[in-house]
Structures are given as C-alpha cells and as structure tokens.
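Some notes on the structure that comes next.
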Amino acid sequence: MLRSYSRIHIFIVLAFLLVLFGGIYIYLGYDSSTFSFCQPCNEGSEPDVKSIMAKVMEDIVGPTECQEKGSWKIGDLTMNYGVKYAQPSTQQGRTDVNSVTNWNAPLVWEGTFDPVVIDAIYKKMDPRIAVVVFAVGKYTRFLEAFLQTGEKYFMVGFRVTYYIFTDHKEEVPNIDLGEGRKISLLDIPSATRWQDVVLGRMKWASIAIDKQIRNEADYLFMMDVDSVFYSRFGAESLSRLTGVLHRLFYKVDRDQFTYERRNLSRAFIPFGEGDYYYTAAVWGGYLEDMYKMVKYCYMQSEEDAKNNIEAVWQEESHLNKYFLYNKPTKVLSPEYLWSDYDQVPADIKVVRISQLVKNYAEVRPNGGQ
C-alpha cells in the first residue's frame, strides 16, 4: 500500500513539474509549437526559394535577432519653414513612363520629383555618403574625370567620401573637393583578368565595410569608375536599397534579360521569372543593407567557384538574383547610368551619369576577353 501510494505521489509531482516548466517556457516567449516530443513530418515537401534565400542570408549575416540594431535610417520627411517650391499636381506628370513598381516602390525619372523639396528634406538629415570605386591597372586614368564631375553633380552639399580601391596609389589625381568631402585610398592587389577585378569588388568591399567604412558612412554607393557625371545625381536616389535599370533591357521582355540561365550557378533565374534587369555599375542603399548584399554576392560567387562555374555577368548576375527576392525600395531609371556608346531616346530626358567610350582591349588586363 505504501509503495503504491508513493508511486501515485511521484507521478503527481512529475506531472505538476512538467506543467510548471511548460508554463514558464511559454511565458518566456518561446513558440509552444516547438515544445513537442515529436517533430513534424515534412517528408516529400520541397523548400521554397524564399526559405532558401532566408537561410543563405542567415549564414551570411547571422539570425535576424542577432543583427546589428540602431543603424542609420531615413527619418521623418520634415523640412524647415519658408522653403519655396512649385505646388505638386495630382493631374499632371510623366505619362510616357511608369513611375512606380508593382510592389509600390518609386521608379525615379526626371519630372517625378522636385529637387528643391528633396534637398530640403534630406540635407536636414545630413547622412554620410560613401562612394566605392575600383581603379585597378589602367583604370586609374578614369579617376580624374569621375571625381571632377562627381564634385560638380553628385550629392552636392552632402558629406561624401570616395573610397578608391587601387593597386596604383601614386596615380590617383589630386582633386579639389568641396566642404565635407574627402578621398580615402585602399590598397588591393593587381589582377590578370578583368573578371577577377569584377568578382574581387565584392570581397574587398566586404572587408573594407567591416574594417573601416561602417564607422564612417550611413549610405553606400557602388559605382564604376569609367563613368562621368553629366547632371544632378542627388538625394532622390537615397533609400534602403536602390537599384538602377540597365539601359539595354528596360524596354524588353524579361525572357530577353541576360540573367544566369544555368541551374548549376547560384545566380540561376529561370525563364518566365524576373522584374527588371539591374546594372551592377551603380547601386546603393543603407550601409548595413548594402553590406548584406555585397557579402551575399561575394559568397555566392565563392560557392559557384567551388562548383567550377562563373556566373555569366559575375556579380551583376548575383545582384539580379538578390533583387528578385529582396525587392529594392527605390528603382532608378537608366538616366542614372547611360552609356556614351548609345543614342539617348526620347524618354531619357536627362543623362545623369554615363559610361565612357574606351578601348576595352587596351585598358583591360586580359585584352577585354
């Protein structure tokens, strides 16, 4: 009788403790669905692309709850009293182009914003803007024009630092810079293939953000140095993550995009999918969001290398894969990267920055091949 009585009491005590600890577990905020003696069966289910991308990003930057908090954000859109500007219209505007994406992000063209209003709002926020360019080998010859025109047209009145990655510091020109603007030089090794320069951009930019840029900038642009500014490139481009439409593909069907179509590559996008084709020659965003994207492109390229494959357009292919599943919060029209090779069509009202005509066989280390 005593033995039976003791067993009953032991059972009651154990049951009480189980209920008690279960209540504490749930009270502390854990998902009760995980408090189970058996795991749900997912046999036969296929992981979706979104979950795969989420897992990749967690591998790169850590779980969401562990990511850095308190990084710079675009604040309230306030402006000072007394600023004079034209009244905005609800009836007039650009009718020849689309100015909003299907996920409701702005698609920026000339005539879709008022620079007076934009500057009044964003200069009050006073963000620190980083511009990352690579001048490797003979590409140092493009620095002077890039910097001189940048000082005339790029983010005028804002704090800007040009981070120049180069293997020839002695060839970096001395340029008169505006107030609050400076140049920071970073050493990188030479390359024997232009493709290695392109792929290396993501590696070296990731390292520099970790070691230096993170402490000195709020917003970051990646740009090609063989370009010149022709007109205002201002705060209308600022957002959490900004992509630029490639000039060759903004009017064509997505099956004509030069996405990576080989499924062995991490940059693979099948036919019938895609929003736009974005250039990798200009893109930007919050410092921390750009860091995630830059590191993603680098690590995906490394995974491709392990499988003896190189994406068709190197980091641009991985960038387009990223933007497909992580939509940019602002899209810039091809005004924000044209090419001096091409005639300017009627819908491009102003060319803000453009890639220069050059002899690729002469300036690239492997003759442009």
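Cβ atoms are placed via backbone N, Cα and C, with glycine included.
The feature transmembrane segment is assigned by TrEMBL to 12-30.
Within the same chain, residues at least 6 positions away in sequence whose Cβ sits under 8 Å from that of Asp226 (UDP-N-acetyl-alpha-D-galactosamine binding site) are Tyr139, Phe142, Phe146, Gln355, Leu356, Lys358, Val363. Marked as UDP-N-acetyl-alpha-D-galactosamine binding site by TrEMBL: Phe134, Ala135, Val136, Tyr139, Asp224, Val225, Asp226.
The feature Mn(2+) binding site is assigned by TrEMBL to Asp224, Asp226.
Annotation comment: TrEMBL describes Glu316 as active site, nucleophile. Spatially close to Glu316 (active site, nucleophile) yet at least six residues away along the chain are Tyr278, Thr279, Ala280, judged by Cβ distances under 8 angstroms.
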The record lists Phe134, Ala135, Val136, Tyr139, Asp224, Val225, Asp226 as binding UDP-N-acetyl-alpha-D-galactosamine. What's the largest Cα to Cα distance among them, in Å, rounded to a whole number?
11
With every protein chain in view, how many other Cβ atoms are within 10 Å of the Cβ of Phe134 (UDP-N-acetyl-alpha-D-galactosamine binding site)?
24
Same chain, not part of Phe134, Ala135, Val136, Tyr139, Asp224, Val225, Asp226: whose C-beta falls within 8 angstroms of the C-beta centre of the UDP-N-acetyl-alpha-D-galactosamine site? Give them in sequence order.
Val133, Thr140, Phe142, Leu143, Val197
